[in-house]
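Enquirer: Have a look at this one before I ask anything.
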């Protein structure tokens, strides 16, 4: 090819003069070098033509398999039916993704179609929520109720709270906006503006007509004032005493606590007496420690002299089982609670003084206010009530528990009262204002016993979850959890003088003493043959009484050789 390209004219001009035998002569004498002549040119007939390089053969690609056309369901937006916007994109990209001569698209599987539908539904819900959050919804609960009423919706649902009601209104408004019913929303808004501008006086009258609180009686107001005055003096005395113990170098609180715990550790079974023909449900020491009262499922309460545990008198009058008994802190009168829905006040001789009627279900526990003027009762009608001991009038009907109320205890200052119930909740109420100041959540099962510490800021609760919880009222939270028993805790009480230890009773047939310093076990009182239902501690902490379903009263006292009396301040 190169020779042809370089000498095309020479080859054409000299080709007639070339001899036919020139090629043979060169072949016959291969060893002799040949001198190329300057004018000799290789004829085209002698030099074989170089074959041209064939172009590369491009083989066609195999065609892609044809698929049926893609079906896209219509999408609904703002009430109009339209196809997906992605159809045009698929039409433009179809030639690039299909084989030549094939216009069909790939088929979408059922799972992919369902996933796409779920995605589109989630997007619609997200946009709906986003639009709902942008709507103006009133914050006042009364305004929310009024707008729901104007929209033809129920103003409240069962168990619905204020924030839940507001969220429901927002979702309803977003749905109406998405359905194109803006006129309805605008009409409701205009009605609200007209009502707000023209009915100001009526709104004030409604507020006065429907107060957010329940108006109490004049007797309750007087009782609250009396309790406030009483509690101020008691709290002042308690704080002065605590400051004196802290600042006085002669006061050794740790030594006193060690002595009290040693005394509690030395408690032994001193006496056991059959208390009734039926199981016993409650017991209580008198303020001077000379008497012990017990209650029984037979419907009879009994008074016993101490320390010989000899029966003094019977208290008969209840028509059902007696669930609890409690001595007054200021005199020797005692009160009993019964399943016949009444509480009764008795004299030490056994005569009936007052009957407190009003509960709608059987009573559980009972407690006296430290002043001795008021009596608190709990009931399975989900309420606890406060009574005037002198007049027998019901001063307060307090709701707040979602299930039956079981235990009740008054603060030593008289300003607070704590209630616990089968809703696994303990509440602390301020008697001076009537407000629930604390809701103690932590137990996972019903709470059956509650007790305030004499230090003023600790509260103990025991329940069916077999634990005793210590709560710090200053921090408003649980301070310690005592895994107390192998069965439910039926009663819990602090030592009444200083609160150096607390005692728990349980259905595991034992009562246990716990240190109030580190909440470690000090002593286990074993001896009952059935469930221990109640206990009480004498004022000086030297004796503990327990009653049980085995119908016995057991007294646990300090050994006579170790018995000493703690100085009462």
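Note that the numbers count up from 1, one per residue, in the order the chain is shown.
Each Cβ is built from the backbone N, Cα and C atoms, and glycine gets one as well.
TrEMBL labels come from automatic prediction, so no person has curated them.
The following feature annotations were taken from TrEMBL:
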- 1-119: region 'Disordered' (REGION)
- 40-50: compositional bias 'Low complexity' (COMPBIAS)
- 51-72: compositional bias 'Pro residues' (COMPBIAS)
- 82-94: compositional bias 'Basic and acidic residues' (COMPBIAS)
- 110-119: compositional bias 'Basic and acidic residues' (COMPBIAS)
- 139-192: domain 'Pre-mRNA processing factor 4 (PRP4)-like' (DOMAIN)
- 315-347: repeat 'WD' (REPEAT)
- 356-397: repeat 'WD' (REPEAT)
- 398-439: repeat 'WD' (REPEAT)
- 440-481: repeat 'WD' (REPEAT)
- 482-524: repeat 'WD' (REPEAT)
- 525-566: repeat 'WD' (REPEAT)
Enquirer: What is the three-state DSSP composition of the compositional bias 'Basic and acidic residues' (110-119), stated as helix, strand and coil residue counts?
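Expert: Counts, helix then strand then coil: 10 helix, 0 strand, 0 coil.
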Enquirer: For the repeat 'WD' (356-397), name the stretch out of 315-347, 440-481, 525-566 with the most CB-CB pairs under 8 Å.
Expert: 315-347
Enquirer: Could you break down the residues of the repeat 'WD' (525-566) into DSSP helix, strand and coil, giving a count for each?
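Expert: Counts, helix then strand then coil: 0 helix, 21 strand, 21 coil.
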Enquirer: Same chain only, please: residues at least 6 beyond the ends of the repeat 'WD' (398-439) with a C-beta under 8 Å from a C-beta of the stretch. Say none if there are none.
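Expert: Distant Cβ neighbours of the repeat 'WD' (398-439) are 216, 224, 227-228, 230-231, 234-235, 238, 361, 364-371, 376-386, 445-452, 454, 456, 459, 461, 463, 471, 473, 476.
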Enquirer: Just to be sure I understand, if DSSP states are collapsed into helix, strand and coil, how many residues of the repeat 'WD' (440-481) fall in each?
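Expert: Helix (H, G, I), strand (E, B), coil: 0 helix, 24 strand, 18 coil.
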